[in-house]
Structure formats: structure tokens, C-alpha cells
């Protein structure tokens, strides 16, 4: 019956676009066969089936009669629920799905909100200076309000002198002119004062915000940096903080002054002519309402524009930071195209934002000019009717112009404030983040009790950026105190992940990692990384400072003699001394002025200067030539003596002397033993040895010289 229902349509034909292969069947277990729950579920299923089938059937005018298969549909719709109700354990429920279901809509990131609490934290230390700046700005604004009144009185004197032709214009206008000059001078001093204070407050706040943001970023989990680009983070430290600082200064310097001038001028206008002021009072709220509506859209555009700028900065930072790789592969054109594409998107967003702000300002100017025209028309009528003096009309016009300029300044400021709030929200977003793995806090094992015994017990782990893909699966490993344990295997087997968990860059999802019986999650992470574990990677990163400071990076309070000792242990003292500046030699950005072997030996010295109990060597010699590998390997052998060492190696020849070799595959231990024991087993380790030996022999054998073609010889002749 069910097959017949699915095979034939209500008009006697197959349902277009449907087949039996597109059906999914699901059997209900006995645990879900209670009458109430099952009956309601079955009724919902059949109803869904009918709706989906009806949606996929071709629309046509109603038929004059039903085909026999139509009665099957009607009967099936009525009978199937009853049959399934009575026999829930024996029947199959058909769940029909369209082959081409609409793709799931991506979840939109929540809109960032400005964190006023953090803003108050940075503003609080500067409240006294801010209060003084506000007082000075208000004073300057009030002075501006008084100027139109004096100008109106001066115009009235001019009109009186012109009308009556008596009296001395100079004697009558001298007092008002002096008052105006004094007001102009006071206005200039007040403006100078509040701008100086605002500059001081803005720069101090920007410095504090950058310090706090940089500190917060440094304390974030490694998983945070796995998901974020360096260029975007640098953009928040520089561009976003600068944008917020500029907006903050403008809000006080222009925004507060303009608002005060608008309020003061409106009071003066109401005293001069209530009728004209009423006209302004009707128009101004309407303009403010329109501006508020436009603001929400401009705010979203501003946020999108800043995010696009951060993406473009990330592309540029990535290309410039890896310029040697770009040059080696001749990919300058590709990187230019990538950056240009991001800039095009950024330019489009910025132009769209600019058009929105321009529209707002243009509409504002039209409205304000119409207000001036209306003021002249109505005010002129009042002057003609002897209801308003000519000087008062002049004062009203100047005051209304002050209102116009202030409102225009606010309209320009509006776009800046929108960008500033968005930039501040982006800055405060990362300040408010709390790392899952703290930098400090926890137990510190006394130095006399540290043995360096490491145990991985049933560890399961997947990277936060790739949840659900387990890199380690029920992984168990023991590193005895003072022994060398090597991890080998094919790429992607989880070797480097083991080192990352030991450094506690991440926490395992299941299981535990212990040091001398103490779970790493109970220990102080800074103490663990700073004193117990030394880490040497395949690509050591040096800072653009001197050799002395790079080695001392492992122990900031180390003396010069300790630096020299660590360099000797790392076989680095000799080549350092050969430089003209010795230990004061600047190595360049990321150590670009040094060879690979020299950088690696400096990294070894940096790790050894803190005398770690546990040493991690993550393919420390795989990128070196034979001679550099020999020198570095000597330093590593010397450094490994008496320490618990975890060696991650690709070249199996470097781990033959290890006390234990662990062969990893797919996040699990598949073989373990010494070099000789694993060779005897003839397993994966033996196969890896055979492959590397074969590759080495093929590389070392020179290709046979191909005889020249006689034709080519003749052409050369």
C-alpha cells in the first residue's frame, strides 16, 4: 500500500522529480512506541507527507472526475494512520524529503554593542581634566550665543544713525565694539584651553586602550589566534583605536559646543521673537527624527567597512610578513590581486557609507537654508508691521545662522560618531574576552620535587577550529624521567599536537596530561612554560633585536655570563663571536640576517638558558643541511643529557639513540620500542625506514648523462 502511494500521483502518474531512492525510512524502536507519543508523531508525519507531496505536484485545473489512483490516495491518507497506530512495532514510517532542500542560512554574527562599562574604566582617571574641558567648551559656546545679540544692537545703532542723521556713530558704537572684541578674545582663549585638554585626554585614553587591548590579546588562548588573522588584530590596535579617539575628541570639541550653541541660541531666539522661534521648534524635531532613522543604516555600513579594512590589512600583513616565500614562488602578482580585491570591496563599502553621509548632510543643508528663507520672509513681515525691530531681526538671523552651523557640524559629526562607536565596540570586544586557559594561577611544584615524568592518559583532542575531527583518539603515552622519547610517523598523525598539549596550549577534551602525577590543568601555566619546559621548533622565530636579547628572552633576569654559557652549550658562541658586534648584533626581523643553522642554535640557547627539566624538540633539524644538522644535533645531544626529552622527528636517523620510539598513525600509538626492536617487528617503522633509505639513495645517485643529439651539435656549429 505504501509503495503504491509513493509510486503513483493523484492524477494517475508518477510525481515529477520524485523517486523511491529519494525516500528515507526510519524504524521506531520499542522504547518510543507508547500510544500517545507515537500516535501524535505519526499524525504529524502523515500531515507533513501530504503537504510536501501537494507542493511537488504540478498545478492544474480541478479534474471533472478522479482517477482510480486518486481514491488510493484518499484511502491511504485515511487508512495509513490507523494501520500505523495499531501496529507501531511492525510498520515502517516513510519520511519524504525533497532532493534539493534549500541550503541552511548562515548564522549572522551578533551585532557588536558598545561597552559603556569599559569606556567608563578608561575615562574615569581623566574626569577632572574632562570636566575642565567641558566647562571651557560650554563657556566658548555661551560666548558664541552672546555675539549675535551684540551684533544686533550694533546694527540697530547703524540703522538709527542712518535714519535720524544725528549723534556720533563712533561714540555710540565704541562700547559695543569693545565688548565684541573682548568676547572674541575670550572665545579664542576658551577654545585653546579645551582643545589642549581634550588632546591630552584623548591621547592618554588611546594609549591606555592600546595597552589594555594588547595585554588582552597576548593572554588569549592559542585557539583564538588559530581563528583570527594577525592583520585584523593589528588593525584593531591601530586603526580602530585611532578612529575611536578622534570621535571622542570631536564629540566634546564640536558636539558639546554645537549642542550648547543650539540650546543657547534657541533661548535667545525665543526672547527675540516667539513666533519665529515656534517655526524653528516645529521643524527641528522633524529633522532630528529623520537623522535618527538614517543613523541605524549608516552604523551598519560603518561596521562592515571597518571589518573589510581589517581583512585588507590582514592580506597585506600576511604577504609582507612572508615576502621571501612570495618572492620565491614569483607570486607578487597574485598577492597584488588579492590585496586589490579586498581594497575594491573596502572602497565599495566606504563609498556606500560616504553616499549615505553625503545624503544626510545634503538634506540637512537644504532644510536649514529653507529655514533661513522662511525666517527672512516672516521676519520681514513682522518688521514691516512694526512688530519687530530691524536690529532684532538681524540678531535673529545671526543666531539662526549659529543654529544652522551648529546643526551642520552635528550632521558632519554624526558620521564620525557612528564610526567611532563601531570602532570602540570592536576594540572593547576583545578586551572583554577571557581566555579558557589562564596565564597564571595554579600549583607550582617545588624545584626539589620536579622529576620530569610525563603521562598522557586516554587523551582525546580536536582543535577548536575543527571541532568533531579528533586529532588524538584515546592516546596514551608515558615519558619517563630523564629519558628520550621520540614520536615518528606520517604527517597528520598528531605528533605536534602532543607537544602542544604538553605545553598546555590547549586542554584535552577527554583524558589527562600529568607532570609528576599532577594534572597540567592544576599547575601554573606561566611557571610550567617559563621554568619547566623548553621548546625548540622547526622554524625558530627570532625578534628584531640583538643576539643577547634574543637569548635572554628565555630568562629575562639572566646575567651576561649565563647567556654566554647557554650559547656555548648550543654551539653558538663561536659564530656569534665572529660577528663584528658579537652579541650586540641585530638579527633583523625574524632573524633574516642569519642562516637556518645559526637561528636554530640561538633558539637552542634561548631554551637552555632557563635550565628546563623537560625539553621538546619539534623537528629541530629537519630544515637544515647536512653540516648544519651535524652541529645542531651535537648541541641537542648535549642539551638532552639528564632531561626528559620529547623528540618529534621526520628524519628517522636522528632518533635511533632514543630510549623509546613511538610510531603514531591517525592519532593513536601503533608501535612502540627501540630502534632495533621496531626493525625486527617489520611494521610501519620498518616501512618508513625503508622509504627514507630508498629516497636517500635515489637522491644521492647522479642521473646518467644523456648523449647529445648530433643534430643539435650541428646546429651549434
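A Cβ is built for glycine as well, from the same backbone N, Cα and C atoms used for every other residue.
Per Swiss-Prot, the feature transmembrane segment maps to 127-147 (among others). Beyond the transmembrane segment (127-147), the same-chain residues lying 6 or more positions past its ends with a Cβ under 8 Å from any Cβ of the stretch are 180, 183-184, 186-187, 190-191, 193-194, 197-198, 200-201, 252-253, 256-258, 260-261, 264-265, 267-268, 398-399, 402.
The feature domain 'ABC transmembrane type-1' is assigned by Swiss-Prot to 132-419.
Look at Swiss-Prot and you will find 178-198 (among others) tagged as transmembrane segment, backed by sequence analysis. Remote same-chain residues near the transmembrane segment (178-198) are listed as 129-130, 132-134, 136-137, 139-140, 143-144, 146-147, 150-151, 154, 249, 252-253 (criterion: CB distance under 8 Å, separation of at least six residues from the stretch ends).
Among the features that Swiss-Prot reports, transmembrane segment is placed at 278-298 (among others), with the record citing sequence analysis.
Positions annotated as transmembrane segment by Swiss-Prot, on the basis of sequence analysis: 365-385 (among others). Counting same-chain residues at least six beyond the ends of the transmembrane segment (365-385), those with a Cβ under 8 angstroms from any Cβ of the stretch are 273, 275-276, 279-280, 283, 287, 393, 396-397, 400-401, 404, 407-408.
If you take every residue in the domain 'ABC transporter' (454-691) and average the pLDDT, you get 88. The annotation domain 'ABC transporter' is assigned in Swiss-Prot to 454-691.
The ATP binding site feature in Swiss-Prot is assigned to 489, 490, 491, 492, 493, 494, 495, 496; the stated evidence is sequence analysis. Residue 492 (ATP binding site) falls within neither a helix nor a strand when secondary structure is assigned with DSSP, and so counts as coil. Residue 492 (ATP binding site): 13 other CB atoms within 10 A of its CB, across all protein chains.
Positions annotated as region 'Disordered' by Swiss-Prot: 695-717.
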Task: Spatial neighbours, same chain, of residue 494 (ATP binding site) - Cβ under 8 Å, 6+ residues apart - done: 471, 472, 475, 664, 666, 667
Open item on the list: Counting Cβ atoms within 10 Å of each candidate's own Cβ, which of the binding-site residues 489, 493 comes out highest?
Closed with: 489
Task: Residues flanking the ATP site, with Cβ no more than 8 Å from the Cβ centroid of 489, 490, 491, 492, 493, 494, 495, 496 and excluding those residues themselves - done: 664, 665
Task: Fewest other Cβ within 10 angstroms of its own Cβ, chosen from the binding-site residues 490, 491, 496 - done: 491
